[in-house]
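Annotation source TrEMBL lists domain 'PX' at 4-125. Residues or ranges marked as domain 'SH3' by TrEMBL: 157-216, 227-286. According to TrEMBL, the feature region 'Disordered' maps to 287-389. Sequence annotations record features per position, and here TrEMBL assigns compositional bias 'Basic residues' to 311-320. Here TrEMBL flags 341-350, 373-382 as compositional bias 'Basic and acidic residues'.
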Amino acid sequence: MGDTFIRHIALLGFEKRFVPSQHYVYMFLVKWQDLSEKVVYRGFPEIYEFHKQLKEMFPIEAGDINAENRIIPHLPAPRWFDGQRVAESRQGTLTEYFGALMSLPVKISRCPHLLDFFKVRPDDLKLPTDNQVKKPETYLVSKDSKNNSVTDITGPIILQTYRAIADFEKTSGSQMALATGDVVDVVEKSESGWWFCQTKTKRGWVPASYLEPLDSPDEAEDPEPNYEGEPYVTIKAYTAQMEDEVSLQEGETIDVIHKLLDGWWVVRKGDITGYFPSMYLQKSGQDAAQAQRQIKSRGAPPRRSSIRNAHSIHQRSRKRLSQDTYRRNSVRFLQQRRRQARPEPQRSAREQAQTGGAKPQPAVPPRPSADLILHRCSESTKRKLSSAV
């Protein structure tokens, strides 16, 4: 066993709680050296107290002896009254602070003081009780912000509620076990098909395939297919276990044509389509190290069709396109794209000179002969022509 240390600290957002009185706690996703991921909740006053103790432990690095030697980042003191606007604005400060802290020498970034502060506490596992007047409000950092501003939040978040269709046994400490019929709130929907969920007593990662919406069997947030496709590279080989899946080796380039939220995407290789685990895919040019660690930590989630003894509360099953439909639509799209890309036949220079580049004029038929006119004209016209002669 190697030394214990933290690989990464990510700010997820903050919660506005009302018990015993109104206060704010920040949610951190802490990734440890053993590839485990833990969500912990810390208030700003205790974060600032941690900061002060860290400075006392490392006075040289804190700049107490010589200000020029300071490498420990600054952190502003708490205010007398912390409202929601202050809680929002601190998110950027905390992200920068812990990002800088993790980049310091290991004697600081891996010191026992830092490790103890982010270890999971009983309060992290026990969710706050619901107040009769107000429930806790969750504010998450936006992942879709165009300017990547950490202070751009999506809250307050009304967490979506799902129901477990079968029993799920967790295989790691970061996962959450489920029993058929359990109702959970979804905090985060990861593209990998693993969703971070919580109940009143526990929280953890759950395969999306084990969950169904309460109002409909269909997932309303599933996007439409994109038959143009997005290029991805496989970072792990996979052998198809079902007829509608596709086998691929590591390092193959494919097109993703449908990103489904359960983590099983429809991919295209030539004219062949099939399901493939999204965890085994990476956009070209991106670092695959983090994705590889996630694969080692959790692996690909199971597919809905492989779950035994699944019980849904809905009368009909989910609407899903068949692979035959995917293939037909994909072939039709590729054929249309090839026709559009086919160049028009070029005319010779003589033809271009004759037309002068103008639009071609309709051809004028030749004038019929006099005999043909007499032959086709009416009897009345013939008598008039004979009398005129």
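Here the Cβ of each residue, glycine as well, is placed from N, Cα and C on the backbone.
Whatever TrEMBL says is automated annotation, not expert-curated.
For the compositional bias 'Basic residues' (311-320), the list of distant contacts is 163, 165-166, 180-181, 212, 214, 216-219, 304: same-chain residues at least six beyond its ends, Cβ to Cβ under 8 Å. Helix, strand and coil counts from DSSP across the domain 'PX' (4-125) read 51 helix, 28 strand, 43 coil. The predicted model assigns the domain 'SH3' (227-286) a mean pLDDT of 92. Residue counts for the compositional bias 'Basic residues' (311-320) under DSSP (helix as H, G, I; strand as E, B; rest coil) come to 0 helix, 0 strand, 10 coil. Secondary structure of the domain 'SH3' (157-216) per DSSP, as helix, strand and coil residue counts: 3 helix, 29 strand, 28 coil.
Taking DSSP states H, G and I as helix and E and B as strand, the domain 'SH3' (227-286) has 3 helix, 28 strand, 29 coil.
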